[in-house]
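Input: a single structure, listed below in structure tokens.
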Amino acid sequence: MILIQNAEFELVHNFKDGFNEEAFKARYSDILNKYDYIVGDWGYGQLRLKGFFDDQNQKATFETKISTLDEYIYEYCNFGCAYFVLKRIRK
């Protein structure tokens, strides 16, 4: 369980041990509060965060649906990079 800005997240995928809680908390911005999932990927020593919505969320566009994660990783991330997926826990 990861807690940041009164939001709880669960680590659901951790490819190549990409998750680093300290780096995540340092890079997290309140603009990400609206998303159901946060994906973090590493490139050139930098952590990049991107938000995704659950597929059924009315706010989701095609590009922000979590079901497009594989395409995002393939198209926008460095080949074979470490990455992680956090799911927001709503109460």
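Quick reminder: no glycine exception, Cβ is built from N, Cα and C everywhere.
What Swiss-Prot says about this protein:
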type	residues	note
DISULFID	CYS77-CYS81	disulfide bond
Excluding its own, the Cβ atoms lying within 10 Å of the Cβ of CYS77 (disulfide bond) add up to 17
Around CYS81 (disulfide bond), how many other CB atoms lie within 10 A of its CB?
15
